[in-house]
């Protein structure tokens, strides 16, 4: 039975690997990177450093320039619009005052009406194009008197300050003259869609990156926004969710058939607190490990030598990206990627076979027919979900099952199922240690591949859908491993042993152990996910940075420094030591490595090869650290045997 199940797992693993290889080949086409400079920051920097030009930015590696959609409030602040109140009215030319007074408009100053005059010639043209929408949707009267253009609001209220009206045409002209692509920043304030539509027609931007907490058109008009993107062949810059979780972004991603480029940026406060090296390191990490294709850059705005510092950073960034094999300014979206349903069925059968193998360790051969029926029932369930077009749900179920089954199987089969440890053996100690450690590692890696293959679509790669139950996937393997360690269900009658377990006396040491494990669990769960409850300490960030520089891809702490070294140490201990209470916390910590390996591959936005490199580094580093740990333990043991009589004499 075991051999058949292993054969099924190996065969289906090959198909799962083929699916991942297809993903690698598909996204390998995407080597271009855009460096987009923030428009508002440019204006502020230029006010501090007048000699800054867009041509200099272009020569330093910048490929795009971001131009923001502007509201009525923005235009008032930058002087493009002027509100005509009683004081301003008195300063208008006599002819203009006379004609305004002769108009049929109610120009009495009150809280319910407002009159604005456009000062900027470029803005006037934009307002003329918007006039029909402003009249229809907001009852705004647009008119010209004596070569001046006015907006009259007969029903004025404060919220109309957020009315979107235009963009900075002067910045657009400068950027296009310098050969930069235009990245249009559209918000979702009042009238945003109409302004977006007119702006696209006028300036023909290449990139569209939304500004604020919502994408334009959310919630009711997302289809219109998607059509606008498709018709004008715009590239949608999708900001990473942990930077800006924009409402409507996921739905828009689907509506545009995933033709997007993942975008990363830093907040201005973060930029000012960082060094040039730290900023470049962060950008490179985003490009390498999260497949970011648009670097949205905000410059230094504080300190000395601002021009030199900012241009030096951009030049170094361009150089480092080219050295890493990326092409500057040639980013393009690829569209939707999806592994076949047949590939998913193979993954399902592989995970099911592993699940039955895990159950075999719990129940032995007593329920062979039931296990066979379970295998068939799983296949039937998959067919039902496929027919109901619940493919995403099926993928999530398979991935969740694999994330629980394989780490549990790795520890139970190659640590707990071995009665002896290396310390019990007289020969082949090294072979035993390396074989069982490698087997446990490969079992976890197989589970990781199955998880990644189950979620092998753009839906998960671009986080439109997420791997559900990630924290449960961390905890449930520990529960199963604990149950096996305490009960040994395959060797005992569980129903007969349960009353004895319930009648056991609880000692203070048990309570202390339970409290310690609870604390470890809080730390363990608190450090998982994109938004961990517990912050990463500064010393760990420093080590991470150092490892990334040395190894190109840094391994995960929970794998190479905790889980796998302690697994090696646990394999070394003799059979009697494995039965002691103190072994249990060691077992829990040793299990962290295999669980984390599976979790690494559930991050679908990370390229497959990066995850493989990360896991491989964990394997060999842990082998070294684990060996040193055993050596340290043996030295301590030797010293104890040599000098323990001193402690006995003292007592």
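Just so it is clear, glycine is given a Cβ too, placed from its N, Cα and C backbone atoms.
What TrEMBL lists as transmembrane segment is 342-363 (among others).
Same-chain residues lying 6+ beyond the ends of the transmembrane segment (370-388) with a Cβ under 8 Å from its Cβ atoms: 341, 344-345, 348-349, 352-353, 355-356, 359-360, 394, 397. Residues or ranges marked as transmembrane segment in TrEMBL: 370-388 (among others).
Residues or ranges marked as transmembrane segment in TrEMBL: 394-418 (among others).
Long-range neighbours of the transmembrane segment (430-455) within the same chain, counting only residues 6 or more positions beyond its ends whose Cβ lies under 8 Å from a Cβ of the stretch, are 9, 12-13, 15-17, 19-20, 339, 343-344, 347-348, 350-351, 354, 395-396, 398-399, 402-403, 405-407, 409-411, 413-415, 418, 422, 467, 564, 567-568, 571-572, 593-595, 597-598, 600-602, 604, 608, 611, 615, 619, 623, 626. Positions annotated as transmembrane segment by TrEMBL: 430-455 (among others).
Among the features that TrEMBL reports, transmembrane segment is placed at 467-487 (among others).
The transmembrane segment annotation in TrEMBL covers 508-526 (among others).
Residues annotated as transmembrane segment in TrEMBL: 557-574 (among others). Counting residues 6+ beyond its ends, the transmembrane segment (557-574) has Cβ neighbours under 8 Å at 411, 414-415, 418, 420-424, 432-433, 436-437, 440-441, 527, 540, 543-544, 583, 586-587, 589-597, 600, 615, 617-619, 621-623, 625-627, 629-630, 633 in the same chain.
When Cβ-Cβ distances below 8 Å are used as the criterion, the transmembrane segment (581-598) is approached by residues 402-403, 406-407, 410-411, 415-416, 440-441, 443-445, 447-448, 451, 473-474, 477-478, 481-482, 485, 509-510, 513, 516-517, 520, 524, 556, 558-559, 562-564, 566-567, 569-570, 573, 615, 618, 622 of the same chain, each at least six residues removed from its ends. Under the heading transmembrane segment, TrEMBL lists 581-598 (among others).
Look at TrEMBL and you will find 618-637 (among others) tagged as transmembrane segment.
Counting only same-chain residues 6+ beyond the ends of the transmembrane segment (618-637), those with a CB under 8 A from a CB of the stretch are 434, 437-438, 441, 555-556, 559-561, 563-569, 572, 593, 597.
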